[in-house]
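Colleague: Before I ask anything, here is the structure I am working with.
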Amino acid sequence: MEDRIELDTWTGRSDQQSPGIDRHVHNHIQNGSSERDVEVESSSVNNASPVVEQAAKQSFEAYPDGGAAAWLQVLYCFCIFFTTLGGIYAWGIFQDALHAAQLAPTSTLAFIGSTQATLEALCAIPISALVTRYGNRNVAMIGAILSGVGPILAGWCTRSVAELLVTEGFLFGFGQALCFFCAATLPSSYFSRRRNLATGLVYAGSGVGGAALSLSADGLIKTVGLAWAFRILGIIFLAINLPCAFLLKPRVIISPINPMTRKNGMTRRRLIDVNLLKDFRFVLVLLGSAVALFPLFIPPFFLPLFATSIGLNSGSASLLLAGFNLASATGRIGWGFMADRWFGSLNALLLCLAANATSTLVIWPIAGRVEPLAVFAVINGFCAGGFFSLIPGVVSSLFSDNDLPVAFSMIVSLWAPGYFLGAPIAGYLLQAFGGPDSGYEAFRPAIFYAGGLGLFSALMVFGVRVKEGGSWRRRV
């Protein structure tokens, strides 16, 4: 009950609550304004009264922005992302091994990894409701069990695509989705000035986990076989996720203006806020991020296959994927730091998507040797990681902090088509032009498809920045 009330207090939003003060204060905090600056400026918002001015001050003081309790929560969330999202990023190693065993074509195997990621988006709104009703800890513990049991059972399913889809796709996928929504926005209740940095550290867990699990999976497959590689990783997932899930604890953030409407002791919160869809900026962020998801999982899923197509062995391929994931981890922290320090969340997201698309269109098509391929893996991984860590900061900087959970779940829900179809479409393009055994030239149609969509998503975020207005040097 304690966890449930804490989360509900944080995420609740009454029909009368004004997001203007929250957003105005948060933007000043993001830009490094002092407490006095926030207090003075907030008094001019909407002809604010002394009560509103005091509310702005209390809102500013609501976040500890550090301390042992806050950073421990970041650590627990990091560990959960290490195993769950890290497991998705390591799927390329298993896909390469299953393709080598001639279980199925790459376009079919890609659907298993896509299913893992798709459930995160497809179940965003119902999982958000579960977290509100039962609390982060309880939901995350169920997710920890499912995300461990799935790979363990997959160890007995290595000769059946359908069984792998159920165990590794649906069981692991739904488990990691439950864990994801319990950890993704939790640091926002502890941090304001350092919010992007804290979120980046949490999301870095997926990159570090993807790197470690890629190398571990390759080593385990070579030493104990594919089946036991699944089982051992599943046991590791259980050992890490269960204690971290048990220790999750969101913070209470009390809004001093317009107390929240409660029913039977519970805060009422919309699962979908139609008013957000009336904001053109939100629509552009919603659609731009949805398009961005189509190409983002193509490099981690297909880098091992691309590497073997240019003559590299499986060990070198796993090292390249590990490099991509480590760069992704660095990007999640680095882009968060740059957003907090120099650019602002929206400007950083625009630069991140543009650089990601450029690396795909310019470097990857000519990466016929290991050197340019390694350069591509590092640059693309760094930018891909930044996308995921910047989205929560973009939402909270453009809209109210109280809108963050519902807006975030709405945005992630629309990621489902990109998660599910992005990599398989690339797989079908690859098969249509000769397959991975035809050399790296056969990958180019899939590469241009990925780069083109990445560029289009950057243009949509550019539209948000134009709509936001102001000097391009202003941090937004």
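Each Cβ is built from the backbone N, Cα and C atoms, and glycine gets one as well.
On a predicted model such as this, the values are computed, not experimentally measured, just so you know.
According to TrEMBL, the protein carries these features:
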type: REGION; residues: 1-41; note: region 'Disordered'
type: TRANSMEM; residues: 68-91; note: transmembrane segment
type: TRANSMEM; residues: 111-132; note: transmembrane segment
type: TRANSMEM; residues: 139-158; note: transmembrane segment
type: TRANSMEM; residues: 170-190; note: transmembrane segment
type: TRANSMEM; residues: 197-216; note: transmembrane segment
type: TRANSMEM; residues: 228-248; note: transmembrane segment
type: TRANSMEM; residues: 280-298; note: transmembrane segment
type: DOMAIN; residues: 281-476; note: domain 'Major facilitator superfamily (MFS) profile'
type: TRANSMEM; residues: 348-367; note: transmembrane segment
type: TRANSMEM; residues: 373-399; note: transmembrane segment
type: TRANSMEM; residues: 406-426; note: transmembrane segment
type: TRANSMEM; residues: 446-466; note: transmembrane segment
Colleague: For the transmembrane segment (197-216), name the stretch out of 68-91, 111-132, 170-190, 228-248 with the most CB-CB pairs under 8 Å.
Modeller: 68-91
Colleague: With the transmembrane segment (68-91) as the reference, find which of 111-132, 139-158, 170-190, 228-248 contributes the most Cβ pairs under 8 Å.
Modeller: 170-190
Colleague: Would you kindly check 111-132, 139-158, 170-190 and say which stretch has the most C-beta pairs under 8 angstroms to the transmembrane segment (228-248)?
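Modeller: The listed stretch sharing the most Cβ pairs with the transmembrane segment (228-248) is 139-158.
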Colleague: Grab the same-chain neighbours of the transmembrane segment (170-190) for me: Cβ-Cβ under 8 Å, and only residues 6 or more beyond its ends, written as numbers and ranges.
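Modeller: Here the qualifying positions are 10, 63-65, 69-70, 73-74, 76-77, 80-81, 84-85, 87-88, 115-120, 123-124, 127-128, 130-131, 136-137, 139-140, 142-151, 153-154, 198-199, 201-202, 241, 245, 248, 250-253, 392, 396, 401, 404-405, 408-409.
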